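Heads up: the structure comes next, in structure tokens.
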């Protein structure tokens with residue numbers, strides 16, 4: 001269950017490029033406002049699998065009607081939109097209730113009037129899908145004791161995407177992907193790909209995170225495609241990374 005949120009910023013404001021933590025905090029606050037138990041669970045506990053914690057919510061980057069990029073910040077104004085999804089529809093329902101109850105989008109020290117929350121039309125998943133990322137895909141990997149953020153020209157990047165979707169598949173459907181399930185992920189239009197242009201460096205709670213905004217071509221069973229769409233690709237989806245939309 002995916003929603004698109006629209007609000008309005010009447011006067012131009014200066015904002016940092018790294019807004020993921022601010023948006024994440026707002027989403028948790030809205031859910032907790034109407035369902036404290038669910039909000040606390042999502043924020044502090046989440047789902048457990050293979051000794052890891054998974055928080056089933058993903059959101060896109062903010063899109064501003066008017067945006068001017070500066071060296072240290074951006075100057076924005078007008079309509080602001082973003083999308084939120086989850087493998088658990090109840091989380092999105094509670095989020096919508098909380099957002100309407102609050103009546104505004106609180107972004108750092110800004111209070112933007114909430115204009116609409118649109119439940120987006122369900123898409124039909126097939127074995128061959130085209131996506132584009134609407135928040136950077138992050139693939140961190142420990143190599144010889146050092147943290148390395150994989151990029152889309154490395155095979156490790158796609159290996160980790162497959163592992164991630166397998167984990168979310170179990171959390172969504174409560175069954176493991178069979179070992180013979182064919183899952184292929186690759187760049188869409190690789191001849192047009194520019195690594196430097198696709199790279200994005202952001203901060204989340206003072207931690208630097210490198211991700212990539214890319215188009216993806218995915219061959220996989222429809223139920224795998226659905227999980228990828230609802231959970232996000234790669235790591236840190238609950239921090240606003242890896243959200244996809246169909247193209």
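A Cβ is built for glycine as well, from the same backbone N, Cα and C atoms used for every other residue.
Taken from TrEMBL, the feature active site, proton acceptor covers 28. Taken from TrEMBL, the feature active site, proton donor applies to 43. Annotation source TrEMBL lists domain 'CRISPR associated protein Cas6 C-terminal' at 125-245. Here TrEMBL flags 55 as site 'Transition state stabilizer'.
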Can you grab the distance from residue 55 (site 'Transition state stabilizer') over to residue 43 (active site, proton donor)? Cα atoms, rounded to a whole Å.
8
Cα distance (Å, whole number) from residue 28 (active site, proton acceptor) to residue 43 (active site, proton donor):
7
Other CB atoms, at most 10 A from the CB of residue 55 (site 'Transition state stabilizer'):
20
Return one of helix, strand or coil for residue 55 (site 'Transition state stabilizer'), based on DSSP.
coil
Within its own chain, what residues at least 6 apart in sequence put their Cβ under 8 Å from the Cβ of the residue listed as 'active site, proton acceptor', listed in sequence order?
39, 42, 43
Check the domain 'CRISPR associated protein Cas6 C-terminal' (125-245) for me and report the mean pLDDT.
96
Residue 43 (active site, proton donor) CB neighbourhood, other CB atoms within 10 A:
18
